[in-house]
Amino acid sequence: MVAKLEQLIAQTILQGFDAQYGRFLEVTAGAQHRFEQADWHAVQQAMKKRIHLYDHHVGLVVEQLKYITDQRHFDVEFLARVKEIYTGLLPDYPRFEIAESFFNSVYCRLFKHRDLTPDKLFVFSSQPERRFREIPRPLARDFIPKGDLSGMLQMVLNDLSLRLHWENLSRDIDYIVMAIRQAFTDEQLASAHFQIANELFYRNKAAWLVGKLRLNGDIYPFLLPIHHNESGELFIDTCLTSKAEASIVFGFARSYFMVYVPLPAAMVEWLREILPGKSTAELYTAIGCQKHGKTESYREYLAFIHQSSEQFIIAPGVKGMVMLVFTLPSFDRVFKVIKDQFAPQKEVTQARVLECYQLVKEHDRVGRMADTQEYENFVIDKHRISPELLAELQHEVPEKLEDLGDKIVIKHLYMERRMTPLNLYMEQADDQQLKDAIEEYGNAIKQLAAANIFPGDMLFKNFGVTRHGRVVFYDYDEICYMTEVNFRDIPPPRYPEDEMASEPWYSVSPNDVFPEEFRHFLCSDRKVRHFFEEMHGDLFQASYWRGLQQRIRDGHVEDVFAYRRKQRFSQRALN
């Protein structure tokens, strides 16, 4: 009877995962229709729905298991046998690696994230050596120009599954050929071999053709974002062929792609050649398997800890009033813990901070908000924690700590990609770097605002600079929707002495924001003020923000480009 119960539990979990991934593929498969219909609000809703599917199905399985087991508590040996039986179901299972993560999620939900040990759940994969030796159908098709690059591109683009007409396909092909010839020599292109993914990658208002360009043994990305005009006709907006550009397109600050992937591991391996700087966790996350991305992030952390002797330290930069942030000196992630008590000027609650981080997870991040992974009961060996950090943890988050003697448990934290704090970057920047940083910062604010996100606290310390020089927002405790804010002009003073008073001469409600005030706390430095006024002076005008609000209320969804505007074919034509 017991063995049958263990078998039933294992099969119930795997069937639950099958149901979840089936719904995942179903929502993903609708991406083409939503794109063709230009139903951008449905695109946003589908993105949120797909994110929620995972936790929903974990909850369904947990309820089934409680019914099956009559909510009995089982010993360690029983749980180990369930995992062993589940492992035995996976050798021929096509999505075994994500099925392992689903098992982990069910276990954590049942046992409140306690006793997270390798004998009870898949801290490490049961099949680390397994690769997809046989794939039911190829992920990509091969194309060789044979001296006729334009003809080959015509064949590739006409063969797409999209059912809309092209605005001017021959024009776009000419642009693509021009971009390729500018990037590579004739000698390189003589051996050109293209591999084009069968499935389009959908995100925001674009459908991305993703491919590889093989030249004399070297491999380059070949990325074409397809948009449509106001008449519903298709056009290609640019052609990207560098690994740095591809890395930004698949960046950690962007929403997940909608791409139909029955075999996600195979797609991850295929993408790895054009995204060599991306970790396994980042690749899974980029294609929408963010929960397995979380598993892989933890495994990458464990691998780093195993091969390193570094101690955890307080992260460089200005200490936050809401979050305690720490890192390892050469690790590319940071760890963020919500403080038990906030600074007096912070009028937020712990619950509100959690809501803000969830909002960011579900919202279109437009390349300007860092994705996070959330962990509970995170265990760290005490000898790996610097004395300064340990004292800080004990002072700022004692309610979230559990001391196990040689280890500490942090009850809740976020893991996030590490960046250089913008304020520190600006302190070391030369004039051109400073100008570029201010341009990027202003663009980040504007793109977030256009996506209905107001950062709240706009100080430079709340933004980071990526290795590609992009500015990304990462402090979410005051974030809110643009439509919730009342942007006001400062009323003129009634009397000359009003301007000298310590208190404002006008009433201020909780949601009131006065953009004129941004100038005072952002532009105390003369050079910063000059660059800001030159490139982003409109951010100091309440009318600019109210205009954006009106566009949002009118239902307008802004275009989001994962590349510079000057790279757009339409801009090249103007130049």
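Using the three backbone atoms N, Cα and C, a Cβ is placed for every residue, glycine included.
Taken straight from Swiss-Prot:
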ACT_SITE  D371  active site
BINDING   A315, P316, G317, V318, K319, G320, M321, K336  ATP binding site
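Considering only the residues assigned to ATP binding, A315, P316, G317, V318, K319, G320, M321, K336, the longest pairwise Cα distance works out to 15 Å. Sequence-distant contacts of M321 (ATP binding site), defined as residues of its own chain at least six apart whose C-beta falls under 8 angstroms from its C-beta, comprise K339, F342, A343, Q345, K346. The residue listed as 'active site' and K336 (ATP binding site) are 13 Å apart (CA-CA, integer value). Classification of G320 (ATP binding site) by DSSP places it in coil, neither helical nor stranded. In the three-state DSSP scheme, K336 (ATP binding site) falls into the strand class. Between the CA atoms of the residue listed as 'active site' and K319 (ATP binding site) there is a gap of 20 Å. Per-site Cβ counts within 10 Å over the binding-site residues A315, V318 peak at A315.
The binding-site residues listed here are P316, G317, G320; among them, G320 has the most other Cβ atoms within 10 Å of its own Cβ. K319 (ATP binding site) counts 14 other C-beta atoms within 10 Å of its own C-beta, drawing on all protein chains shown. The Cβ of K336 (ATP binding site) has 24 other Cβ atoms within 10 Å, all protein chains considered.
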